[in-house]
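Please read the structure below before turning to the comments.
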Amino acid sequence: MTQRLFTSESVTEGHPDKICDAISDSILDAMLAVDPDSHVAVETVVTTGQVHVVGEVRCRGYVEIPSLVRQTLRNIGFLSSDMGFDGATCGVSVSIGEQSLEIGAGVDTALEARDGAEVEDDDRAGAGDQGLMFGYATNETPEYMPLPIALAHRLARRLTAVRKDDIVPHLRPDGKTQVTLAYNDDNNPIRIDTIVISTQHDPGVSRQWLEEQLRTNVITPVIKDAGVENLVDDELTVLINPSGSFVVGGPMGDAGLTGRKIIVDTYGGMARHGGGAFSGKDPSKVDRSAAYAMRWVAKNIVAAGLADRCEVQVAYAIGRANPVGLYVETFGTEKEPISAIQEAVQKVFDLRPAAIIRELDLKRPIYAQTAAYGHFGRTDLDLPWERLDRVDDLKAAISR
């Protein structure tokens, strides 16, 4: 039997890029909390001893950004310069301007409304940018996610938990996980081939001790909790800090930037990506809201039994409410004609930006919790785009 190896990775909240995502989304949440109609595009850069926040916003309230930055860093665990970064003493610079009036006008008054015709309320708000967004779902896991990224995220979350709960001492915030799975010709996972964990740690920690601790307190519990013990055999390769010592990490080890972990944030490379990042963007930006909607669509299609795997693409033009394109792909696993599935999607889901924002209730401060460990398949969170609330509607639309 032919085995094909597929790999996905995740990173912890102390990874430099994820620090930036967390800061950007914390600022977004704070602005939505004081003004749900805020338009926000915030980028963060971190480097040794410094945090730089830049972007464009429109918000009718006030947010104390430097304090928010420092609190986010403390929550992650950067508490001392001894570990390379101190949230209390690092430099914080803020350079945020007002959103472009031209962009704001296109979002507030869509092309359909500007044409002078009578339009519905949901036709009045245009997409915040052009672009294409993808959503994906598969029935290979209970959370409808590809197993490699699901396991990588579980390992990363557990790695952070054992650090914060002091189950494994001497760990520091920065870390990465990676999982390689073997798939058969029917695209079913048959065994876990390789697990890689790299974690920042205090000086003087031996690699042998670290491997024993992480095997016992991270890998074994995750495998059991995920219910994939049957995929583990004697040929499993486990690599713990394969580069050796990892004392210098976080922003001291590498500069970080918002939006550089878009594959970690989505499906681990198992599905296509439109290129737009999520963090620091309010839901008028379809990079974020439409990608969430596409996950909602794909997950409900698979849960309805219409396909075993599903990828959905949508595309928008800036300032226009209605999508310019919709494409459904089921990789030969469809149980109904793809044309019928796509027609059902168009009947059941309203993909105009204003409708997406309303149906998923996206003008809320819910985004900082998604900044690390993935935006999809989160069994630890109640996220509106993960709800299976259109399954019956899709089935009914197909049967008509």
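Glycine too: its Cβ is placed from the backbone N, Cα and C atoms.
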Region 'Flexible loop' per Swiss-Prot: which of the ranges 99-109, 220-230, 242-252 is that?
99-109
For Q99 (L-methionine binding site), nearby residues of its own chain (Cβ under 8 Å, 6 or more apart in sequence):
H39, A41, E56, V57, R58
I'd like the number of other C-beta atoms within 10 A of the C-beta of E43 (K(+) binding site), please.
20
Once the chains shown are all counted, how many other Cβ atoms turn up within 10 Å of the Cβ of K281 (ATP binding site)?
27
Using G175 (ATP binding site) as the reference point, find which of the binding-site residues D17, E43, K285 has the shortest Cα-to-Cα distance to it.
D17
For the C-alpha pair, I'd like the distance in angstrom between E43 (K(+) binding site) and D254 (ATP binding site), rounded off.
17
